[in-house]
Amino acid sequence: MTGLGVRSSSYGSLEKTGLNGVVLPIQITTTTRTKPSKMQKDREGIVHWICKFAGRKKVGMLLLFLISAVVFLRVLYVGKGEDSQEGQGPPSLHFNGSSGVNYSNMLQTNEELNMNIGNISFKAKEVIVFPPPPIHFLGYSLPQGHPCNSFTLPPPPADRKRTGPRPCPVCYLPVEEAVALMPNAPSFSPVLKNLTYIYEEPLNRETEFGGSDFGGYPTLKHRNDSFDIKETMSVHCGFVKGPQPGRNTGFDIDEADLLEMKQCRGIVVASAVFDAFDDVKAPQNISKYAEETVCFYMFVDEETESILKRERGLDGNKKVGIWRVVVVHNLPYSDGRRNGKVPKLLVHRMFPNARYSLWIDGKLELVVDPYQILERFLWRKNATFAISRHYKRFDVLVEAEANKAAGKYDNASIDFQVDFYKNEGLTPYSVAKLPITSDVPEGCVILREHVPISNLFTCLWFNEVDRFTSRDQISFSTVRDKIAAKTNWTVSMFLDCERRNFVVQRYHRAEQERFARQRPPVPNFPPPPPSPPPPVLISSDLPRKMSSGRATPPRRRGRDRRSGQRGHRKANLPVRLPDSA
């Protein structure tokens, strides 16, 4: 066998015998068909067996099913592996010089697998568990059969001597029921969720027209942008000189008063008297619970403070009745009417933690409990802003002419404001605006909830008053309609006679003094001396003694004389005797 190759067990390869019996491997590439292994024969037999009992179509469907199952299991396995390796880099493939891939570094031990499963479940909890949605007040209805559900206004009394506006009945709930119905959650604010306020340092005074150092000088572009309602907004809203209202911003308030105002977290009743224009009027019919829980704040200037000290005994406790008197320094305007617009429209900035506010002008006297008022006109209506409409006028154009006729403001300024609104689309009021019942409010009373959308409304309303005239009745409908065009929010307007039910209008201080001067003084005469005793016979009913000695009967009055004559005529009637029959 010298010179012949020895067949080895390497599936047909030959070994070359070298010198000294050393066998050298010879790598020969052959094209001859190798003998199939036993395992391969078994697989081929299974395939032939399947093909024998099933047709080609069924075999194809079976293979397609198997391939789909393999792909599905593979995707499931890969997806699970990605979840378990979240937060880590992608696994790298390591080659150690062999023809295969080493997956040993990619396999996980049981401990690692359990740890990853725990992490996966924890992360799944984080994804599934969301914070609860904000809870909003959705309104309520009084129980069926409640008297207020069927309450209707009676017709006005027919009094020709009194033709002006007058109060009408209102169906209030008892104080205890009104307190129980106070909402525990804020009302929904459409579109607007976050509202912040602009302050400028230094102050930019460049604008087209209008504005002030207190309210800022927003341009017309800023004005238009403020009516584009978004989820988050930042607008001018007074106090532009600093981030804290009342601290070196104009309309400055003592620090002790500011701290007390921050503690008001429920209802605040606010009013103001500047330039000693009115007397401070004590609220009436206020429940003990309201006195303890409602904040009553009266804002005055230094002139009014001096009068209160002299006439009402205002001292260090800063109280006049249930009013807490707050003295305002560094007033931003020379016109007292403009200064009064600050607490009237920006009360939410001065009381940042209050939920509800009731504003009444200084000329008014509150005569109904605040809880009853808010329940009737705000909570029961599911409204966030309520104001009474004017008792007579519904059209802004008519209201502007009435202001000009009464000399309420400079006529040229009123005309300029009305023309500006007309160019923006202001039209006379008509039934086409229903359910809006009026374009002219009676702004001496404002009921509101401090939510973002109502706060925005009063901010933009104040900006109009700051830019144009101080007659807020003229700018009210423009601001309301611009906000309503972007949201489904609007203002609730109730009857003027209903407003007159819970506030009583008094005369201004100057009018009271004028009436006092016109009233004639009462003469201070000494008391008259006592009258002498009457004579014995002075009555005309007693018989009078005549000179002849005869007594004449007393003179009869007209009625007695007529009755006597009737009796005499009856006596002269003929009498029919029985014999004459």
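Quick reminder: no glycine exception, Cβ is built from N, Cα and C everywhere.
As written in Swiss-Prot, here are the features:
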- 520-536: compositional bias 'Pro residues' (COMPBIAS)
- 553-571: compositional bias 'Basic residues' (COMPBIAS)
- N96: N-linked glycosylation site (CARBOHYD)
- N102: N-linked glycosylation site (CARBOHYD)
- N119: N-linked glycosylation site (CARBOHYD)
- N194: N-linked glycosylation site (CARBOHYD)
- N224: N-linked glycosylation site (CARBOHYD)
- N285: N-linked glycosylation site (CARBOHYD)
- N382: N-linked glycosylation site (CARBOHYD)
- N411: N-linked glycosylation site (CARBOHYD)
- N488: N-linked glycosylation site (CARBOHYD)
- 514-581: region 'Disordered' (REGION)
- 1-58: topological domain 'Cytoplasmic' (TOPO_DOM)
- 59-79: transmembrane segment (TRANSMEM)
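Structural mapping of features recorded in Swiss-Prot.
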residue	record	Cβ neighbours (10 Å)
N194	N-linked glycosylation site	11
N224	N-linked glycosylation site	12
N285	N-linked glycosylation site	12
N382	N-linked glycosylation site	15
N411	N-linked glycosylation site	14
N488	N-linked glycosylation site	7
Next on the checklist: I need the nearest neighbour of N224 (N-linked glycosylation site) among the glycosylation sites N285, N382, N488, using C-alpha distances.
Outcome noted: N488
Next on the checklist: So among N194, N382, N411, N488, all listed as glycosylation sites, which is physically nearest to N285 (N-linked glycosylation site)? Use the C-alpha atoms.
Outcome noted: N382
Checklist outcome for this item: Rounding to whole Å, the Cα atoms of N194 (N-linked glycosylation site) and N488 (N-linked glycosylation site) are apart by 17
Next on the checklist: Going by DSSP, is N382 (N-linked glycosylation site) sitting in a helix, a strand, or coil?
Outcome noted: coil
Checklist outcome for this item: Model confidence for the topological domain 'Cytoplasmic' (1-58), as mean pLDDT, reads 48
